[in-house]
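One structure is given below, encoded as structure tokens.
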Amino acid sequence: MAAESSNPRTVEEIFKDFSGRRSGFLRALSVDVDKFYSLCDPEMENLCLYGHPNGTWEVNLPAEEVPPELPEPALGINFARDGMQRKDWLSLVAVHSDCWLLSVSSYFGARLNRNERKRLFSLINDLPTLFEVVTGRKPIKDGKPSMDLGSKSRNGVKRSIEGQTKSTPKLMEESYEDEDDEHGDTLCGSCGGNYTNDEFWICCDVCERWYHGKCVKITPAKAESIKQYKCPSCCTKKGRQ
């Protein structure tokens with residue numbers, strides 16, 4: 001069995017597919033690592049590690065059809081297993097798996113427009129790579145390292161742990177110059193536009209995506225009175241459940 005195929009079309013669907021496959025890889029390289037290691041017998045033929053959209057993983061031979069329906073992962077990951085230290089081999093597999101995840105997402109995203117591709121890459125880039133997780137450079141549960149923990153809007157409103165809001169304009173003004181550099185690659189989850197410090201932004205407490213206030217019809221004054229902000233997409237998902 002080769003890579004399980006789905007047919008995601010939208011940014012959200014492609015990111016969901018990416019996240020599912022990534023979860024499968026993470027499981028193979030952490031929780032199920034002993035099983036994965038034993039399956040990669042160097043005496044076997046060219047083996048590949050597949051991550052599936054449902055969060056499962058599989059070690060198998062590559063697809064027989066040429067060209068394959070999806071881009072293929074690295075061939076022969078089993079051959080190098082006994083010639084390297086275990087941690088180095090797992091790191092190598094992680095790097096190749098990162099490359100495959102990006103290639104599959106690029107394949108599905110071929111028909112997206114420029115802003116949609118930027119949104120998709122921004123969502124993907126918010127997650128630590130498999131290599132970072134395997135080597136311990138970043139934990140599996142990773143927020144944006146450049147954002148203040150608990151900060152939900154960029155106009156100087158910071159949420160405290162108790163859910164209350166307090167204005168910190170001086171702190172934000174002092175950090176605007178650095179913030180431009182840190183958040184320059186952040187994209188609005190609605191329009192796909194880049195972050196600039198002269199606009200009001202707000203972050204969804206559920207999916208943690210950032211939005212222009214004008215795109216989701218939230219003003220700085222209204223943000224002050226919101227204890228937990230949910231973006232339109234998360235509100236819609238909850239309504240369907």
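Even glycines carry a Cβ here, placed using N, Cα and C.
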Range among 26-78, 185-237 that Swiss-Prot annotates as zinc finger: 185-237
Collapsed DSSP category at Trp210 (site 'Histone H3K4me3 binding'): strand
Most crowded position, judged by CB atoms within 10 A, among Tyr195, Trp201 as recorded sites: Trp201
Listed recorded sites (Asp205, Trp210), ranked by Cβ neighbours within 10 Å, top entry: Trp210
Secondary structure at Trp201 (site 'Histone H3K4me3 binding'), reduced by DSSP to three states: strand
